[in-house]
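Per TrEMBL, the features are as follows:
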- 12-31: transmembrane segment (TRANSMEM)
- 51-73: transmembrane segment (TRANSMEM)
- 93-117: transmembrane segment (TRANSMEM)
- 129-148: transmembrane segment (TRANSMEM)
- 186-205: transmembrane segment (TRANSMEM)
- 217-235: transmembrane segment (TRANSMEM)
- 256-276: transmembrane segment (TRANSMEM)
- 288-307: transmembrane segment (TRANSMEM)
- 319-350: transmembrane segment (TRANSMEM)
């Protein structure tokens, strides 16, 4: 059962991580809560609303079905065809669990639409959702059963790489981001979902009253710290995968600048969502720069500490918690946010140039 879910549901979300990241960016970055509410009301009240929703969901199910039909043709997944040896009842149950994993986004959005229907007291208009869930869920089970009965393992699908519409840049930053998206797509997706949830919660709480910069600084810094997993992935890439990069004739200053730019790019999506979601304009441009700089400095300090020989990333949760609590108290006691960002950035630079001397790759 575990192998089935890892080879289907997990692999689907990993390979389509870029698609879901773009979807999340569009949904939470460009659409406000009022627009989400308007879409839900359209689906519930318009004559063509539910049909439109079914067409959109049907397109997603076609994407899932196409993945199942073609993924299992690959030689490394031939072992999954042994699933047909299970008794019919057990096979149906486990394929049902797999199908539920695929339609998680549809279930979550359907629950949101149901909550709007309950709020507006029009639950009677939402009954097609249950029918749609059942139809789409059964469609995935049928497609999977068909593929099991018609394995066609002799004709494997051709592997085709993704062709970029532009010349592939010869730059470390592009190579690193490309690897992160291709090989750590699921981690990237889950990280951004968690960060966006904290950003949304901070914005909602901030709009309940008249707060100064301290509340957004604390909330958004916590959202930015959700990216520490990605920061550790970048460290692994630099020290265990892309080993030949250490032999390149690049100065320590250029390496530090590359790390700084990479982490700034990592936290840009949630920053854009936060700025877009601040419909009341509670923060000025300078205050947004301060919040962004503080979050970037915190991430950068964590990343630089990974290069210490005595630092254990797996046991860093306690130090991160203590550091965040100290930072929270400093912000609450009205220490300027820009000053905290400058101090943390300076600390990171000191550790990179002086405190970690001899532990970083030297320039040729």
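Our numbering is plain: 1 for the first residue shown, then up by one each step along the chain.
Positions of Cβ are set from backbone N, Cα and C atoms, glycine also.
Remote same-chain partners of the transmembrane segment (186-205), defined as residues 6 or more beyond its termini with a Cβ less than 8 Å from a stretch Cβ, comprise 10, 13-14, 17, 20-21, 24, 28, 180, 215-216, 219-220, 222-224, 226-227, 229-230, 233, 267, 269-270, 273-274, 277-278. Within the chain carrying the transmembrane segment (319-350), a Cβ under 8 angstroms from the stretch's Cβ atoms is held by residues 213-214, 217-218, 221-222, 225, 228, 256, 287, 290-291, 293-294, 296-298, 300-304, all 6 or more beyond its ends.
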